[in-house]
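Below is one structure; the comments refer to it alone.
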Amino acid sequence: MTTFNGKINGNGLKIGIVVARFNAFVTQQLLTGAQESLVQHGVNETDIDVAWVPGAFEIPLTVQKMITTKRYDGVIALGAVIRGATAHFDYVCRGVTTGIATVSLATDTPIMFGVLTTDTIEQAMDRAGFKSGNKGADCAVSLLETLDVQRAILKADLA
Ligand SMILES: Nc1c(NC[C@H](O)[C@H](O)[C@H](O)CO)[nH]c(=O)[nH]c1=O
Ligand SMILES: CC(=O)[C@@H](O)COP(=O)(O)O
């Protein structure tokens with residue numbers, strides 16, 4: 001039996017980040033966490049590109065645009081969808097979630113889901129660097145591990 005595991009190594013990788021400006025007081029913290037974690041794990045700062053979009057609903061198409069340039073090994077999607085008084089929350093969450101998963105599979109490219117979907121501002125803040133860690137930093141580590149395990153699978157000589 002062969003078991004594949006990925007290391008957390010960003011050397012030589014080119015990473016794209018798409019971040020929503022809606023709730024920027026949260027998403028800026030997610031972005032900072034992701035950038036700092038990528039650099040801590042060996043990604044060169046000049047190899048990280050950031051695209052800002054109006055809201056989470058615009059993330060999937062912009063991620064797809066990034067990927068079609070073939071400049072990036074993987075992408076991190078960052079946003080903060082916080083429930084309001086109407087059902088709009090549900091449709092935005094469904095759109096961004098389904099969109100990211102669809103683009104990732106269609107382009108065969110790892111896209112980390114760093115879009116917070118919370119009922120309150122406090123829950124969002126807690127997951128953007130306060131009591132519950134930083135989802136952006138978590139996504140950075142997950143992306144590096146995913147890229148490395150995929151590399152291990154592809155290069156394995158299982159003859
Ligand atoms: N309410 C939130 C939104 N709404 C905006 C949509 O994402 C989109 O930009 C608009 O519908 C135009 O297409 N976006 C968030 O990122 N977070 C929210 O809480
Ligand atoms: C997630 C949203 O779209 C939400 O912030 C919008 O608020 P509302 O449902 O009160 O219009």
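Glycine residues also receive a Cβ, built from the backbone N, Cα and C atoms like all the rest.
Given the structure is predicted, the values throughout are model-derived calculations rather than measurements.
Annotated active site, proton donor per TrEMBL: His88, in sequence order. Taken from TrEMBL, the feature 5-amino-6-(D-ribitylamino)uracil binding site covers Phe22, Ala56, Phe57, Glu58, Ala80, Val81, Ile82, Phe113. Positions annotated as (2S)-2-hydroxy-3-oxobutyl phosphate binding site by TrEMBL: Ala85, Thr86, Arg127.
This view paints the features noted in TrEMBL onto the structure.
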residue	record	contacts (Cβ under 8 Å, 6+ apart)
Phe22	5-amino-6-(D-ribitylamino)uracil binding site	Pro54, Gly55, Ala56, Gly79, Ala80, Val81
Phe57	5-amino-6-(D-ribitylamino)uracil binding site	Val92, Gly95, Val96
Glu58	5-amino-6-(D-ribitylamino)uracil binding site	Ala20
Ile82	5-amino-6-(D-ribitylamino)uracil binding site	Asn23, Val26, Phe89, Leu116, Thr118, Asp119, Thr120, Ile121, Ala124
Ala85	(2S)-2-hydroxy-3-oxobutyl phosphate binding site	none
Thr86	(2S)-2-hydroxy-3-oxobutyl phosphate binding site	none
Arg127	(2S)-2-hydroxy-3-oxobutyl phosphate binding site	Leu116, Thr118, Gly133, Asn134, Lys135
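In the three-state DSSP assignment, the secondary structure recorded for Phe113 (5-amino-6-(D-ribitylamino)uracil binding site) is strand.
When the binding-site residues Ala56, Ala80, Val81 are compared by the number of other CB atoms within 10 angstroms of each CB, Val81 has the fewest.
Among the listed recorded positions, namely His88, Phe113, the Cβ with the most fellow Cβ atoms inside 10 Å is that of Phe113. In this structure, Val81 (5-amino-6-(D-ribitylamino)uracil binding site) is part of a beta strand by DSSP. With a CB cut-off of under 6 A applied against ligand 2, the recorded positions Phe57, Ala80, Thr86, His88, Phe113 are reduced to Thr86, His88. You'll find the Cα of the residue listed as 'active site, proton donor' roughly 20 Å from the Cα of Phe113 (5-amino-6-(D-ribitylamino)uracil binding site).
Taking Phe57, Ala85, Thr86, Phe113, Arg127 as the candidate binding-site residues, the subset whose CB lies under 6 angstroms from any atom of ligand 1 consists of Phe57.
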